[in-house]
Amino acid sequence: MPIEIEQILAASPATTRGQPTQLSCDVKGERITYASGKSIYVRNIDNPALSKQYTGHTAATSVARFSPSGYYIASGDVSGKVRVWDAVEAVNTKGEYAIISGRINDIAWDGDSQRVIAVGDGRERYGHCFTADSGNSVGEITGHSKVVNAVAIRQQRPLRAATISDDSSMCFLHGAPFKFATKVSGQHKSFVMGTAFSPDGSTLVTVGADRRIQLYDGKTGEPTKQIGEGVHSGSIFAVSWAKDSKRFATSSADQTVRVWDVEGDECVQTWRLGEEGSISVPHQQVGVVWPHGRSDGLIISLSLNGDLNYLVEGSAVPIKVVQGHNGSITALGVESEGKGDSVITGSFDGRVCSWDLSTGIGRAVDGQAHSNQVTQFAAAPGRTYSVGWDDTLRIVDESANTFAGESLKLGAQPKGVATAGGHVIVALDSKLVVYSGDTQVSELDTGFTPSAIAGSGSLVAVGANKNAVQIYKLDSKGVLSAAESLTNSNAQVSALSFSPDGKHLAAANSIGKIIVYKTDSWAVATDRWSAHTAKVLCVAWNQAGTHAASGGLDTNVCVWSLAKPGSRVKAVNAHKDGVYGVGWVGGDQKLASTGGDAAVKIWTLKGLQ
């Protein structure tokens, strides 16, 4: 019963308010790469559902850059390491080099795809120059007194490089080997955020938090002119040149992306993201890249909320917005119970996205989302209920992809949500609250703090204290009454799931074991599902009720069989930092999973027994 990865629906780029996020495209303009969590993602620009995930870093990643040849990617992380690896399959690591003692902020390649400069925030130095294949030193980064934010290398000879810093200066280097040549201070009055050489090497540009765009001679580093004074009204985070070297694009905290004509000293196109007339922090533009090798003039910008905006001159609005999560996904649900053609996900920052699995495209659910971590989803015909750490219950209208009605204030932090008998049951600190639609109909004090909840028909199962599962009966009026206590678990119950036919209940615990009960007698059907080595975070049954899937903190996904409880199939290291959600899709032939890496993965299952 093999389990194989079919598709990776990538996480969005990780962003930080007030900091630029680097984006990089290959020479053909076909792929984009960026950092998110502990992974680097390489995505097809025209079909973002096609992506590769590089998982070689052990610390949070911060930047990734294609080599000019397009065959390699150099990526950096917050521990100061740079890894060089194969850009085609995103697996084979060519080398790992410890560059500085802190965060790598940017990386640049020379035109021969041989030398690399990495810069950032270190204690002894702010960057280093080295060869990509061996890590040998080919120069030093000196001249700055504060963290270096970005670096650019001229692609023609004579080789030149520029570094920019929080000390408001630009240092110009001659190479190779790269050596300090000049330092330009006084042009910028605040942090310098982005820099880039024009493709023909004639011009260098720097942008910064002082909203200034400064041009320099590409060979000498001499300042030449400033353009666009007073046009941007917020910090400029990033800059990227068109392949004709006559124009470049800038992205800013004022929610705009602008295209500048170098010779005419003017802005020739402006896009403003977000609702007209309103100030929206999530729509601040923190990254931009102008892919070369394309004929459509596409520009890709990055919003602070992780959205990738596809912009073309002549169109006032993005022609496409690629959405997803850029932080740990903490909950997953299968929409429209039983269909298995779309899933819904919620992350630690409260964002909820719906994914069409036929296209692999994710869309943020419209309306007032959660403002804190999404805890759990529960499905009902045509709608999905969600609870989060903002202490609210919300309803998603699946067909409209929007939050319906007002959010319901819960009065305490929810531990989970379930549907049963046409009702919605929310587990709070020490009680269960029952809703019919958006109206509370009853509540029950439990005397313990629920650790998990699941529902089916008239049954509601709740993780109780002393490692027990408490079973409640739900009557037609929505009133709960205690029915049974199951005490077979040897650790706290961490996840519960009824089979769709209601005949079995799977109870997973914090030490990696899953016990399955028969609901007609509460006898143990099997207690042999025990391949996880850490807390089980999620369990989901297939429609037939013959198999279940589980995910845990051990980063693994397991698929179990009721008929053969001793056999199981495992996807090892399915998601970095834990698997938080699993669900059966594609007519029970596939499995969707999600977790700490903010990606959604689709697995193909063959020969279920």
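Keep in mind that glycine also has a Cβ here, set from the backbone N, Cα and C atoms.
Quantities reported herein were computed from a predicted structural model and do not represent experimental measurements.
Under the heading domain 'Anaphase-promoting complex subunit 4-like WD40', TrEMBL lists 459-543. The domain 'Anaphase-promoting complex subunit 4-like WD40' (459-543) scores a mean pLDDT of 96 in the predicted structure.
Per TrEMBL, repeat 'WD' is recorded for 54-86 (among others).
The repeat 'WD' annotation in TrEMBL covers 185-226 (among others). Within its own chain, the repeat 'WD' (185-226) is flanked in space by residues 20, 149-156, 158, 160, 162-170, 172, 232-241, 243-245, 248, 250, 252, 260, 262, 265, 292, which lie at least six positions past its ends and keep a Cβ under 8 Å from the stretch.
Distant neighbours of the repeat 'WD' (229-270): 18-23, 191, 193-200, 202-203, 205-213, 215, 279-280, 283-290, 292-293, 297, 299, 301-302, 309, 311, 313; these residues of the same chain sit at least 6 beyond its ends, with a Cβ under 8 Å from one of its Cβ atoms. As annotated by TrEMBL, repeat 'WD' applies to 229-270 (among others).
Positions annotated as repeat 'WD' by TrEMBL: 322-360 (among others). Residues 7, 9-15, 36-37, 47-50, 305-308, 310, 369-382, 384, 386, 388, 390, 396, 398, 401, 403, 500, 538, 540, 543, 577, 580-588, 590, 592-600, 602 of the same chain lie 6+ residues outside the repeat 'WD' (322-360) yet bring a C-beta within less than 8 angstroms of a C-beta in it.
According to TrEMBL, the repeat 'WD' annotation covers 529-562 (among others). Only residues 6 or more beyond the boundaries of the repeat 'WD' (529-562), in the same chain, are considered here, and those with a CB under 8 A from a CB of the stretch are 1, 3, 332, 334, 338, 340, 494-501, 503-504, 506, 508-516, 568-584, 587-588, 591, 593, 595-596, 603, 605, 608-609.
Sequence annotations record features per position, and here TrEMBL assigns repeat 'WD' to 572-609 (among others). Across the repeat 'WD' (572-609), DSSP classifies residues as 0 helix, 19 strand, 19 coil.
Secondary structure by DSSP for the repeat 'WD' (54-86): 0 helix, 19 strand, 14 coil.
Each residue in the repeat 'WD' (322-360) gets a DSSP state, and the totals come to 0 helix, 18 strand, 21 coil.
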